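A short worksheet on the structure shown next.
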Amino acid sequence: MASSTLLLCTTKTPSSNSLTNLSFFSKPSCLFVHGKRNQEHFKVSCCMGEHNEKMNFDRRDLLLGLGGLYGAANLAPLASASDKLTDEPIPAPSLKTCSTAYIEGNIPVPYSCCPPPLPDGMAMDDVPYYEVPECSQLRVRTAAQVVDQDFIDDYNDAISIMKNLDASDPRSFQQQANIHCAYCNGAYTTVGGKDLQVHFNWLFFPFHRWYLYFYERILGSLIGDTTFALPYWNWDNPDGMYFPSMFNQPNTYPDLYDTNRSVNTQNGTFMDLNYVNTEAQTATQSQLLSNNLTVMYRQMITNAPTPLTFFGEAYPLGTVPTSGFGTIENMPHTPVHLWTGTNPGTKLSNGNTSYGEDMGNFYSASIDPVFSGHHANVDRMWNIWKSFGGKRVDLTQTDWLESAFFFYDEDCNPWRVKVQDCLDTVKMGYCYAPMATPWVSYKPQKKTTKGKLDPSSVMAAESIFPLSKLDKAISFSIKRPATSRSQQEKDEKEEILKFKGIKHDNKEYLRFDVFINADKTVNTDELDKIEYAGSYTSLPHAHNASHEFVPRVFNLAITELLEDNKLEDDATIVVTVVPKKGCQVLSIQSVNIELLDC
């Protein structure tokens, strides 16, 4: 079995005292990354090692090498815009109403994605809420590129056993893959017949954390290894910006291999965290690396200064489920899915036409074993983001904390779980072995534009929007709600560039890029510029058996960009939007700038 000294927890919830000696870092280096933010201090804790050192840092500093940190969970909660919403959490779905899931449009998934039924006489209201077992030591999730041979052997064996379980067993590989399909492709509904959707809103992080939690415990139990922990695909680190080799050896590790993958995953291809499934990549590996690190910096730091920008828009019961994603779900989460899955329209090994299988479409994504490694790193981003402290804390709204999901555990027992019980991975019994995070210090410094663009040289936003299609690059001027803001004002409110009423065909791959103070000739193959604000992406999925056009919101935090581009005193700025893929069927209702409470 895999070599490890850590034991899987089997008793009840730990006391806070049991965690006081959990730390595995010597004091890391610090660096300045974000303007002149206030100088709060914060404390972080780690999950392995001999000491527990309190580390205080200036709020302007972020840490290099925070891969295993679980975050400052005891920081004071902060108010946000969604405090104004009614506290109506999403309940665990009813299995009795689980129905057909759809690949796209009216094309059904060719099998049922619904889980096995509950025991006779049991209703969902009778299913108990899960209590996380107490932990004396932790399972350590390790970067895929550094795991040893024994671990890979055990991992392949565990997946093999899982695949050979009876199809009706909730622990079986297909049933585990079905979980993602049911929650993402319309099999479950909420009040009013609206689809239950765990993407494009604030349920994204907690759902996938719970999903991996039970998946990991099931795999460990199948091989009798209480130390088993999933590997994470370390795509935020240059050494991990390749497809993990353990998943690409069909002769040696056939159960970790998936035939429905893109050629991108072969021959040591370097990853593109901005991938949009378009023509062959022409950028050099050096430029790809620079773009990748820029995306990580923008999504984890520049665009994620507040909880709602990181987690995504609120999703109270009865509302539209795809209101708006958080930064990491948008990128690099979605591009990694697209980069790994097959190209739509190509022939699969079974002769069928591809819809992006497996990783490239929600319904089939978790059929590929690499799905868990990808989402383990996504989950790791949640921990790292919280470790930065300050305003980077978990949401406090009741309708988020009380939202619930349904899973079967390693003993085939049914459970309901709540978001509020998955906020601390240490209490859940696992942590992440640290790897360097060079993107923390990769703040863009290069410029595309000399000086400032003249806002009067382009049309005003209100003259362009609503926009019926985005078939070419557009530049427009947009008014700011305030200028020359003091540091205190910046600390209290983040300036947000908000795209409202974005509608597009949900079955299409899509991306557009956004720049500030750059004209329409900007080179979008080079994102490592101070003008690059961020990108909007979409992974194909279905809703109510039709690819309806569901309106979404896209938020970009721009306080740092305004500072870097020396636009803080300007009442009007120039924004450029560049279509990259699938935007001929995209419309945007409006674009404005708002101040969001931090």
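The backbone N, Cα and C atoms fix where each Cβ goes, glycine too.
Lifted from TrEMBL, the feature list:
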type	residues	note
BINDING	H180, H199, H208	Cu cation A binding site
BINDING	H333, H337, H375	Cu cation B binding site
DISULFID	C98-C114	disulfide bond
DISULFID	C113-C181	disulfide bond
DOMAIN	199-216	domain 'Tyrosinase copper-binding'
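Taking the mean position of the Cβ atoms of H333, H337, H375 as the Cu cation B site, the remaining same-chain residues with a Cβ inside 8 Å of that point are E329, T334, V336, A365, F371, H374, V378. Across the domain 'Tyrosinase copper-binding' (199-216), DSSP assigns 13 helix, 0 strand, 5 coil.
For H208 (Cu cation A binding site), the nearest of the recorded positions by C-alpha distance turns out to be H375; the candidates were C98, C113, C181, H337, H375. Around the Cβ of C98 (disulfide bond), the number of neighbouring Cβ atoms within 10 Å comes to 19. For the Cu cation A site, the Cβ centre of H180, H199, H208 serves as reference, and the other residues of the chain with Cβ at most 8 Å from it are Y183, C184, V198, F204, F207, Y211, F362, A365, H375. Distances between the Cα of H333 (Cu cation B binding site) and those of the recorded positions C113, C181, H199 are shortest for H199. For C181 (disulfide bond), the nearest of the binding-site residues by C-alpha distance turns out to be H199; the candidates were H199, H337, H375. Per-residue pLDDT, averaged along the domain 'Tyrosinase copper-binding' (199-216), amounts to 97 for this model. A 10 Å cutoff on Cβ-Cβ distances gives C114 (disulfide bond) a total of 21 other Cβ atoms nearby, all chains included. Annotation: C113 are the recorded positions among C98, C113, H337, H375 whose CA atoms are within 10 angstroms of the CA of H180 (Cu cation A binding site). Of all the recorded positions in the record (C98, C113, C114, H199), the one with the smallest CA separation from H375 (Cu cation B binding site) is H199. Distance between Cα atoms for H199 (Cu cation A binding site) and H337 (Cu cation B binding site): 13 Å, as a whole number.
Candidate disulfide-bonded residues: C98, C113, C114. Nearest to H337 (Cu cation B binding site) by Cα distance: C113.
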